[in-house]
Amino acid sequence: WARSSRTMAVATVNLRALTSWVGIARLFAVVLSCLAFSLVASTGHFGGPYGTWCMFTWCFCFAVTLLVLLLELLELSPLLPLSWDDFTSAFSMLAALMVFTSSVVFPATFISSPCSSNRCARQAVATTASCLCFLAYAVEVSLTRAKPGDISSFLSTVPGLLKVFEAYLACLIFSLLDEYNGKPGLMWCVAVYSICFIITLLIIIFTIGRCLTYIPCPLEKMLVGYNFLALLMYLTATILWPLYSFKGRSRPDPCGTICWWNKHLGVTFLTIFNLIAYLVDLVYCTRMVFVRAP
């Protein structure tokens, strides 16, 4: 009797996982990501690192979102040894960032003007599907974001979502790093990117794995200290990276997409964006610690 009861509990179907607004947004994301990679695959024209990245993004987001839907539909998510709300919040934010990047990179790399061939039409439709998929994930992020004062799920709060954003920007920076060996200023910047990325990633992993209770100090105060330190480190990188990258070096002519100048310029802007992200993160974490809602 006990065994049959457990079987019935496991076999329970939660239709709200599909009919709620969050579930509908996830269904749209599954369909649109599937449409995007299917159309691009049908063209056979997605070679190179940028095309591979876009295809990986759409396939990865499709597979994980479908898995999330199935686990919630069958009510199996509570059986997993992780914080499910933190995991889904972090993934939806990561998926939104990845799909947004692919929606920009793919048409810029593979769609040429004028667009008149059948292959180009399929690529354009795939790009449109990718943009709509980004909107679906953005809606999911907004629907699952924690209300002010609610910190039960850290990665669904603004500081938690910013942690995913900061880690993702660091990954983009790593993909663009080029010609920095032998220059102390640039090597320091790479150290800044690496240290901040590792610590931010550990915070995300510990949160999802419910390991924050093992930290000997309060999470909010630790985040304030870390964000302040990361802000100072990124401030030095914001100054040193363009100084050591472009001083006494003119832009090559011609300079294609893989030109060192374009890569270093991309790292410069991404460093500034992450500096702003850590500043906003510090402000929010400071408010969480020192400004208590009545």
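Placed from the backbone N, Cα and C atoms, the Cβ positions cover glycine too.
Feature annotations, courtesy of TrEMBL:
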- 17-149: domain 'MARVEL' (DOMAIN)
- 20-41: transmembrane segment (TRANSMEM)
- 53-71: transmembrane segment (TRANSMEM)
- 91-112: transmembrane segment (TRANSMEM)
- 124-143: transmembrane segment (TRANSMEM)
- 154-290: domain 'MARVEL' (DOMAIN)
- 185-212: transmembrane segment (TRANSMEM)
- 224-244: transmembrane segment (TRANSMEM)
- 264-284: transmembrane segment (TRANSMEM)
Inquiry  = Under 8 angstroms, Cβ to Cβ: which one of 20-41, 91-112, 185-212, 264-284 has the largest number of such pairs with the transmembrane segment (124-143)?
reply    = 20-41
Per-state residue totals over the domain 'MARVEL' (154-290) - DSSP helix, strand, coil = 109 helix, 0 strand, 28 coil
Message = Which residues of the chain, 6 or more past the ends of the transmembrane segment (20-41), have a CB below 8 A from one of its CBs?
response = 51, 54-55, 58-59, 61-62, 65-66, 68-69, 72, 95, 99, 102, 106, 122-123, 125-127, 129-130, 132-133, 136-137, 139-140, 143-144
Key: Secondary structure content of the domain 'MARVEL' (17-149), with strand meaning DSSP E or B   = 109 helix, 0 strand, 24 coil
